[in-house]
Structure formats: C-alpha cells, structure tokens
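Marked as domain 'Acyl-CoA oxidase/dehydrogenase middle' by TrEMBL: 147-256. Taken from TrEMBL, the feature FAD binding site applies to T151, G190. Positions annotated as domain 'Acyl-CoA oxidase C-alpha1' by TrEMBL: 292-439. According to TrEMBL, the feature active site, proton acceptor maps to E424. The domain 'Acyl-CoA oxidase C-terminal' annotation in TrEMBL covers 468-589.
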Amino acid sequence: MASRLAILTRHLTAAVDDEPKISFRPQDITRLLVHDNYDLRQDVYKFISEDPLYRQNHYLGLMEFREQTLQRLQKFTQQHFFSVRDYSRDPRKFMAAIESLMYCDYSLSIKAGVHFTLCGGTICKLGTKKHHDLYLDRLDDLSLTGSFSMTELGHGSNVMGIETTALYDHSTREFIINTPTNQASKYWIGGTGQHGKLTAVFAQLTVNGKWEGPHVFMVRIRDDNMHVTPGVRIQDLGPKMGLNGVDNGQLWFHNVRVPRDAMLDAFSSVDDEGVFRSSIPSVSQRFATMVGGLTTGRLLIAQGAIDAMKLGVTIALRYSCQRPQFGDKIIMSYLTHRDRLLPILANAYALHLAMGSLKNILDRKQAQDAKVIHVLSSGIKAAATWWRVEGLQACRECCGGQGFLSANQIGPLATDMNVDVTFEGDNTVLMQQVARALLDDKRLISSTPTAPSGFGSGAISLDKLSQLLGYQEHALTYQVGSSMKAAAASKSTEGRAAAEQAANDVVEAELDTVVAMGWAHIQRFCLDNLQQTISKAEEKLVAPLRMLATLFGIKCILRSSAFFLGAGVLSQSDCLLLRSSLHGIYATLSADGGRLAHLLCEGFGIPEPLITAPIAKDWKLMGANGI
C-alpha cells in the first residue's frame, strides 16, 4: 500500500510541477482546430456580431421570434457568404458558413440548415441540371423558401417504411402525391408551419403497377403569395420545448399532381414512354445510395453540439474561476466542480478533431469510404449530442441560479438544442448502426480478443488507454457476434431466413451491449485521432493536447469501469491510479486561476462579442447601472 501511495503521489506532483512549462498562444490552437475557411468564418462572425438584428432578445413571443429568425436568415443570405451550390462544389465552405451561425442563435442555424442543407442539398445531390436551374438560384435569394418532408407521424427512423405515395399517371405525365392515412402525414417538418413554399417529399413510388421504393419529389406547398396550394393541407405545430424560431408543421397531400420533372432523377427516372429506369436495380441499394449522399445535415448537427459544449464550458469556467463561495474559496477549486466541467473541455476537443478527420475522409470522395463515413457520422453525431446534453446540464448546474438565466446563454442553448438527440437520426438507433457495422467485421467476430495488461506500477500512457478501449470494442463485438453465429447455426436446417432471424433476435436481446459497442468504437476512434493529431502538432501544443487526450481517455475508461473490472483487465488499484491521475490533471488545468483551462477555451476561437453572458465577464457588475 505504501508503494502504491508513493506512485499516486508522483502522478499528482508531476502533473502540478509540469504546469509552468506549458505555454502556448490560443490562436495557435485555433488554427489547429479551424483548418478550413478561417477567413469566411471570421467574416460571418463579424457580420452577426455587429448587426443589431442578431442581438439576443429573450422577450419575443412565438410569432415575433419566428419573424425575427426569417429576417435574420434573409439578411444573412443577402451577404452572399456562400451559395447552396457549394453543397456539391465546395462542401467545406458550405458547412463553414452554416456552422458559424450556431454562436448567434440555434433557431437561425437550424432554419438555415433546413432551407439550404436539407432542401437545397437534396436537390444538389439527388437532382439533375434541370432541377438545379429551376430551384437553386431562388433558394439562394430566399424567394423560394424550402423544407424537407421525410419524417411522418407514424415513421421516423424507418424511412423505408414511409406511407406517402407517388403514383405515376402516364396519360398526363404527372405524379399523384397522396397521404393515405393520418399516420402518413409529414410531421415535424421544419420551415413549413408558416414560411415554406417548396418541400422535398419522400414518397413510395409506383410506376405501371410496380413499387419502386422511396423517391423524392419537389412539391410547391404555397404559392408566391403565400397561399396554400390545391390539395395540400398544412397545420402549424405551434410552440415547442425550444427552437421556437423554427416553424415546424404537419403536411397532408390529397391527389396533388406534380409534373414528371418534379422527381429528383440523379439515380432513377421515368422516361418519355412511361418506363421506370434506374442505374441501381435494387430498391434497397438505391435507397441507401440516395440517403447516403445526405450526410451533411448530420455533420452540421454534430458540429453544432460540439460548438455548444465549447460555448457552455467557456462561460461556466470563466464564472467558476472567479466566483467565491464560503469565504474566499473559488468554486473551481472544488474537485466536484472540476470533475463536472473539465471533461467537457476534453470532450469538445476530442469530438471537434474527430469531426475534422471525418471531413477529410469526405473530401476524398471515394466510393469505398461510404461505410466508414456512415459509421463515423452516425457515431460522432450520437456521442456529440449526448455529451452536449450532459455537458450543458453540468455547466448550468455549476453556475447555480445564474445558469438558469436566459441572458447567460447556457439555458437557452440547452432547451433549443435538446432536439438534436433525436433528429437527423435517433441516437440510440445511430449507435446500433455503428455496432452493426462492427458485427460485419469478420476479424472482430472471429478472433478471440486478447486482453491487455493493467497499469501495474507503470505510468498511464495514451497507448495503454487506446489498447484498453480497443479491447473493449473487440470484446463486446466478439461477445455479440459469437452469440449471433451460434443462434444462426442452430436454425441453419430451417433455411437462410430462419437463421438470419435467429441472429437478429440475439441483437434485439442484447441491445444494451450493442449500444455499448457503438460507444466503444467512437471513443476509441476519438482517442486514436487525438494521438495522431498530437504526433503532427507543433511542439508547443503537444503538452496541452496530450493532457486533454489523457483526461479524455481516462474518463472513457472510468465510465466503463464495470466492464474492465468484470473482465479482469483492470484491478481496483488500476482504477484508483486512473482516478488519482485524473485529479492531477484537474489540478494542473485549474492552477493559477484556471490559466490553462482558460487558454484552451480561448483556443476554441469563439468571438468575444458572441460570448454575451454577463457571468462570463465581470459577474459582480450584474444589475449595476442597468447592466
């Protein structure tokens, strides 16, 4: 026990002793994080910081807030920072412009995302030149406000199961769009309740009596005078828990006729003779190809969650490092405060850098990357939004009652963004999709995982943390995969369908483990990506990045301590060592009034005018002289 305490003391002492050696300029970290369209982002930040229209006003009613959001979007588009055509020709520029709006207001960010990303991006990716020529310029100047009608009252994640129909009538060269049941009504459609004129409708296509699966049709729902078009019924969904600057609506179609060219036909079309043609014969493969090209929205949601964590933890850390409690003791000096806030800092860095790597993969535009892109976009979106929920709640609590005040930004962020855990994919379903990709990896399900050794008396290294997370990913996948194989084998004499059903039954029975697999994969990817970033970083950035990576890795291990202890990979002493090392990192980041933590927050590059929370400035002046 004495030797163990000596080791723990060395870890704690080393962490604090290293602190004065760590020095860097926040702008160097910013340049590492923001390695594309830096000037564009700064231009957007400058615009929304200086124009009075974008100042926060928490006293607006529902309809006033919606009108303000529309006016903000209109003025933003008039600056020509980007074009909807950049969705295809310069995706990084497109995403940079939309991402920059998050620090102003999430309703504005989502309103822009629905119009440009979901509606405009769908036309860019799934349409052809005739659609681009007809719609994109009018989307750019907002004379044609767009929305995206995929979700139905009865169908969310199961898009293949949507019930809206599109029947081709060759006699008139038109598609007839119908809502056969109330459950088939399009639901939660952003930008539709009040402002939308055009929507991209996902519907089950039938041509000459043959079902061809879901396709997308461009349908006018209001004319240029804002009158609802014939056969369309729209219901405003009204106030929501948050995000009330976005006008969500419900849509029904009754024998709505649209011309043949209304179908987005990059992969499928109906020719002049009324014959359906597609470059992808399989309905399921065709559908997967169509939706696979629409990942930008998911990336923007994930990045928005990451940026919200950055803003929330910056505000909370500033306040916590200057707010005393019970005398002169600053609340950031309490371990409980550090343990709630500092992991958010590490999560934000880990996820932001992981997003950067995912964007790099997207830049390659290689067909063989499709599965990796789907897995990472699904997993990072789920992790980012779940950790955002946890992180903003911690920030709100760590600021006490001030965290509940709208002017201090954290509360409105938390309520407005709560939707992100279920839109652009329900998080639990997304993590299952990550896991199913792992179960397709024959290496993981066929080879017995080799358990790494514990820490013993050695130092905690990033390599060891990565090995542990990799083992967890392999072990969980092997566990479920082996059970699936055994179940399938037991039904093999009854045919392929019975064997597949038996394997699927195992997955259904082990969904908690399946979700844990998804988590293990994404956490391991994030940590490995951090290590790669460190290996390429400037020398002066290595120490702070390594500290964040170690913090991130340790927290990932401790969250799954039951698994590692149960598997016999880690001992109680190992977990104690991890915990004590974590406390040492906390001490280093919090020393000297939180100097390093503040520098790392500055490294996020959030423009100071957009950090409007009074508690992030001098909280002692709140209410004085009308401030």
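Each Cβ is built from the backbone N, Cα and C atoms, and glycine gets one as well.
Because TrEMBL annotations are produced automatically, they should be read as predictions rather than curated entries.
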| message | Roughly how many Å lie between the Cα atoms of E424 (active site, proton acceptor) and T151 (FAD binding site), rounded to a whole value? | response | 10
| message | Mean pLDDT for the domain 'Acyl-CoA oxidase C-terminal' (468-589), rounded to an integer? | response | 95
| field | Summary of DSSP states over the domain 'Acyl-CoA oxidase/dehydrogenase middle' (147-256), given as helix, strand and coil counts | value | 6 helix, 53 strand, 51 coil
| task | Indicate whether the residue listed as 'active site, proton acceptor' is helix, strand or coil by DSSP. | result | coil
| request: Identify, in sequence order, the residues in the chain of T151 (FAD binding site) that are 6 or more apart from it along the sequence and have a CB within less than 8 Å of its CB; answer 'none' if there are none. | output: K186, Y187, W188, I189
| In the chain carrying G190 (FAD binding site), residues 6 or more apart in sequence that have Cβ under 8 angstroms from it | I110, K111, V114, L118, S147, F148, V246, D247, N248
| Just counting, how many other CB atoms are there within 10 A of the CB of E424 (active site, proton acceptor)? | 25
